[in-house]
Amino acid sequence: MESQYKNSSNGGVESGVAVANKRKMRGWDVVLRFLALALSLTAAVVLGVNKEMTTVAVTLVPTLPPVNIPVTAKWHDLSAFVFFVVANIVACVYAAISLLLTLANRSGKKGITMLINFLDLTMVALLFSSVGAAVAIGLMGYEGNSHVQWKKVCNVFDRFCDQAAAALGLSGGASLAFFMLVVLATLNLHKKH
């Protein structure tokens, strides 16, 4: 009979099922935090090393032949991509710290848990906003904008654009992992009341 029940810290008795659900919840918590860490780190690295150089033919005078000019596309030339890389580095560092705090907080102290939940929600907002900014500038590069006379560049820098798109997908996965952490924390809070 005693093996089915465990004393809780507030003096009451917690059922074995509740303890098993808490362990299952902590397992998902650890997996999602590790996934967010790995995805945000990979996204930051993939875009952070992204650079492509090519030669573009430019016609200066219509009667003369075009001049070949070397042009380089770098991630740090666009402020949206800089924001994206920095946001993913912040999310990666936070994911590592929160993973350690989650593993160290086996007793389930409310203050640490609430802080982690609040910061998880902050990471969701940070990553979604950085992905949105990077997607917006990526679409400009992919399709151009005739209203402001911006030409598309992804037809020239195809590898650069492909690598940027891969980084966006990875960061989107990291933001979804943080979002799932917020959803699980909310469901866990709902079950307690």
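Cβ atoms are placed via backbone N, Cα and C, with glycine included.
Copied over from TrEMBL, here are the features:
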type: DOMAIN; residues: 23-175; note: domain 'Casparian strip membrane protein'
type: TRANSMEM; residues: 30-49; note: transmembrane segment
type: TRANSMEM; residues: 80-103; note: transmembrane segment
type: TRANSMEM; residues: 115-142; note: transmembrane segment
type: TRANSMEM; residues: 165-187; note: transmembrane segment
Same-chain residues at least 6 beyond the ends of the transmembrane segment (30-49) whose Cβ lies under 8 Å from its Cβ atoms: 75, 81, 84-85, 88-89, 91-92, 95-96, 98-99, 102-103, 123, 127, 134, 163-164, 166-168, 170-171, 173-174, 177-178, 180-181, 184
Mind checking which residues reach the transmembrane segment (115-142)? Cβ under 8 Å, same chain, six or more beyond either end. 36, 40, 47, 78, 80-81, 83-84, 86-88, 90-91, 94-95, 98, 101-102, 105, 150, 152-154, 157, 161, 164-165, 167-168, 171-172, 174-175, 178-179, 181-182, 185
Same-chain residues at least 6 beyond the ends of the transmembrane segment (80-103) with a Cβ under 8 Å from one of its Cβ atoms are 26, 29-30, 33-34, 36-37, 40-41, 43-44, 47-48, 112, 116, 119-120, 123, 126-127, 129-131, 133-134, 136-137, 164, 167-168, 171, 174-175, 178
